[in-house]
Amino acid sequence: MYKIQLLSCIALTLILVTNSAPASSSTKETQQQLEQLLLDLRLLLNGVNNPENPKLSRMLTFKFYVPKKATELTHLQCLVEELKPLEEVLYLAQSKNFHLNHIKELMSNINVTVLKLKGSETRFTCNYDDETATIVEFLNKWITFCQSIFSTLT
């Protein structure tokens, strides 16, 4: 009788351990999503930081909040909170090389990818740095964050 209970207990423990361990496919999926987010952020940065962009100096006057220390995927909530102001400033960057439709598509991609990466958790409270960042600094910080997380996964 005790053998059956012991075997059941072992089986349940193995199931719990197996289900709670991260699957390699989820790591691969996270890497792919981070690559996509990196690509989209770089495209935004290139559109903004283009020397031919006559509105760059005006865009640099807008300030964005960045977290004091972003080290985990949950910190992407801080990016989510700044996406709307970012999008509004990006509309200023519209030019013949950086169209409104392209900006909307990139912002939509970023929103979707960030939600996949951070999950639906919204209770995370961002601890922002005292100093604000320009749009270029803001995008560079998030690019660096993605690269850092990506390097820990490889």
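Just so you know, the numbers here start at 1 and follow the chain as drawn.
Every residue, even glycine, has its Cβ placed from backbone N, Cα and C.
Fair warning: this is a prediction, and the values are worked out from it, not measured in the lab.
As annotated by Swiss-Prot, signal peptide applies to 1-20, with the evidence given as similarity to another entry.
Here Cys78 (disulfide bond) comes close to Tyr65, Val66, Pro67, Ala70, Cys126, Tyr128: these same-chain residues lie at least six apart in sequence, with C-beta atoms under 8 angstroms from its C-beta. Feature annotation from Swiss-Prot assigns disulfide bond to Cys78-Cys126.
What Swiss-Prot lists as N-linked glycosylation site is Asn111. Asn111 (N-linked glycosylation site) carries a helical DSSP state (H, G or I).
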Message: Let's check the environment of Cys126 (disulfide bond): how many other CB atoms sit within 10 Å of its CB?
response: 18
